[in-house]
């Protein structure tokens, strides 16, 4: 997997954490860089850790499903992407009033925003991606976008939340299609 492809996946995966970070920033009366870094560490850490778990799980079953791995990657990325797009159009108001950075709260948010990364880790096993550089890149990207999300939320509010989710969904769907086309047509 090339660096531009990995960057696209990293940005796509980071969009949920970015959206939650916007909410966190929205309820902060003043921008607090310490809190932004704490949020970034939680989200970036989990976004880097979940693909490792997915990769290890995918590696266990790789031999049994090698002839279908491209379809699995396509379906996982497609489903995740469609779900993100659907959420971007949801009329449900996201509760942005909880500014808490308590470990229990941040732990739950970090897990919730990184479940997609677990599935991507499974696809990484099928694609023989070098996992350590990949997850490092994903973690740093998510950290950076989470810190930026706190700032964006603090300055602009929730105006960009649905656009971020939509963009992340489209990115993941396009990556899934690319993987499928590469396998089917040797591109």
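A Cβ is built for glycine as well, from the same backbone N, Cα and C atoms used for every other residue.
Just so you know, TrEMBL annotations are computer predictions that nobody has curated.
Quick caveat, the model's predicted, so the values are computed rather than measured.
Residues or ranges marked as transmembrane segment in TrEMBL: 6-23 (among others).
Remote same-chain residues near the transmembrane segment (35-56) are listed as 13-14, 17, 20-21, 24-25, 28, 101, 106-107, 109-111, 113-115, 117-125, 129, 131, 134-136, 138-144, 146-147, 149-151 (criterion: CB distance under 8 Å, separation of at least six residues from the stretch ends). Residues annotated as transmembrane segment in TrEMBL: 35-56 (among others).
Per TrEMBL, the feature transmembrane segment maps to 68-85 (among others).
Taken from TrEMBL, the feature transmembrane segment applies to 106-125 (among others).
Per TrEMBL, transmembrane segment is recorded for 131-152 (among others).
When Cβ-Cβ distances below 8 Å are used as the criterion, the transmembrane segment (164-185) is approached by residues 5, 8-9, 11-16, 18-19, 22, 70-71, 73-78, 80-89, 116, 123, 127 of the same chain, each at least six residues removed from its ends. Under the heading transmembrane segment, TrEMBL lists 164-185 (among others).
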